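Quick notes on the structure that follows.
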Amino acid sequence: MIPPRALLLISVWMVSGGRTLLVTVQDTQRYTMLFSSIILKCDYSTSAQIQDVAVTWRFKSFCKDPIFDYYSAAYQASLSLNQDPANDCNDNQREVRIVIQKRGQNEPVLGVDYRQRKITIQNKADLVISEVMWWDHGVYFCSVEAQGDTSGDPDKEVKLVVLHWLTVLFIILGALFLFLLIGICWCQCCPHCCCCYVRCPCCPTRCCCPEEALARHNYMKQMESMTPWMLDRPYYAGADRNSQHSSYQLNPLLQRDLSLQSSLPMPAPMSFSPPNNKVLDFLETEIKNLNTAQPLMSAPHYGGASHHPSMLSSLSEVGVREVDRRVIQLPPLVEHIVSSHRSSNSSHQRRNMGSWDPLDGERDRRRNRQLDDSLSNETNWRAQERQHSDRSSGHRRDPPNNRRPRRDVSPPRRYGDSYSDESANNDPRGRSNPHSDRARPTERRRSPERGDQGRRGSPDRYSRSQRHRRSYSPPHRRDSWSSEDETRNNQRGRGRRERSYEWPEEKPPSYKSLEICAGKAPTQRPGAVRQSDRASSRSGRSMVI
């Protein structure tokens, strides 16, 4: 039999155990952004009737901010002591607000501070915040009250962390990106100030530095800079592309996308003075003064060795002989002709030595009359010179009384040496002088120790004097030709004139008259005219320009 006291204790335990209240939450901590929506889950279990249950959501601010104060020394010390520094503080140290309340099946009622907010309770006790604000950052407590349930855990907490600082940062970055995007789109759509190569989403077909628009713009800039060099009449930017004065006819890119409906007159070109080029002016003046009516004589074609090369052909043998040449005939040269060729040379000379100048005709006839007398004296003088040279065996100086004065019938020449040694072997009529080969010197320049011997009548001196009288070219020496050489040559020629026949005048024949041979070539006998293969245009017969 159970005592009555035991039965009382059992009945009290059963009654108290069956009416216990239990509140649960799904997440104890949530993170959200500003202006976002969030749902805080909360549920409860009770034996009371649903109309007797009241649900209340309260807000309490953080004691210490879990974001900004997380790395502080006090926050880390509380964590080391297994405390919650964000929530372990009295209510008088933080802000406490009632968010919303609901009893039974009635409509929820917002708190005083949340009257204008979009906040509600759904299901049993879920809190729904449609738009999270800056001050929603804190701890939310879900409390349930049921009549008759006095035991159990009537409330639970949920931490809501609002990332307001990150939102502000994102807003700032978004604004900068917006300005950057606007700037990119603006500069991409305006080719005159394009400075970037990034594709713009606002106008992908027209932007990203269009090369065609840039080419048109650059071409227009070049055309504006070239305005002074265009025609005197103003051109128009919107003219017809087939027009002669159109500025777009040179670039095909300018033929497209022309939005100008009317012609825009461009400024008139500026006048510039022509550049001062004295060389071009001089050449134009010379060309204008050129006498085109003056006939030009082409050089006659000779075959083989009988061709007389000109000065130009001697300087450049390639491609000059076929050029039309203007021949300036120089005065004939009187040479010492040996007795073996006396008759043929004298007759040929009388036929070919025509008066090249009317003023010098009398002088030429007088010179021809003296030629026969000088030939005999010249032969005797050659024999005596050869005997004296054999006797002296070194071209020593002969006594003055043993020397026979030499007659020089040729006019004095100003220049000493010729261009080449071939002129000493060939007379101006194309025949080779066999006796001049024996008298040819082995070197061009006279050595200082043999200077007196050359003046006294040695064979070398005679051959050099022959070349001196045949050439009008300057001396071919290693040193430069100066006035001292000219003075020495004049003295030498003056000494020869004292021992020769008296000339009618001191100067050689005048060169002021030029005979232009147009269409006539000098007649020569094929048998008598012959020239060596080494003959060049350096002879004294003609000068070709």
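Heads up, the Cβ atoms here are built off N, Cα and C, so glycines get one too.
Taken verbatim from Swiss-Prot:
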type	residues	note
SIGNAL	1-20	signal peptide
DOMAIN	21-159	domain 'Ig-like V-type'
DISULFID	C42-C142	disulfide bond
TRANSMEM	165-185	transmembrane segment
TOPO_DOM	186-545	topological domain 'Cytoplasmic'
COMPBIAS	360-372	compositional bias 'Basic and acidic residues'
COMPBIAS	383-416	compositional bias 'Basic and acidic residues'
COMPBIAS	428-463	compositional bias 'Basic and acidic residues'
COMPBIAS	476-489	compositional bias 'Basic and acidic residues'
COMPBIAS	498-509	compositional bias 'Basic and acidic residues'
(Q) Using DSSP, what is the helix/strand/coil residue split across the domain 'Ig-like V-type' (21-159)? (A) 20 helix, 58 strand, 61 coil
Q: Calculate the per-residue pLDDT averaged over the topological domain 'Cytoplasmic' (186-545) and state the result as an integer.
A: 53
Q.
I'd like the number of other C-beta atoms within 10 A of the C-beta of C142 (disulfide bond), please.
A. 25
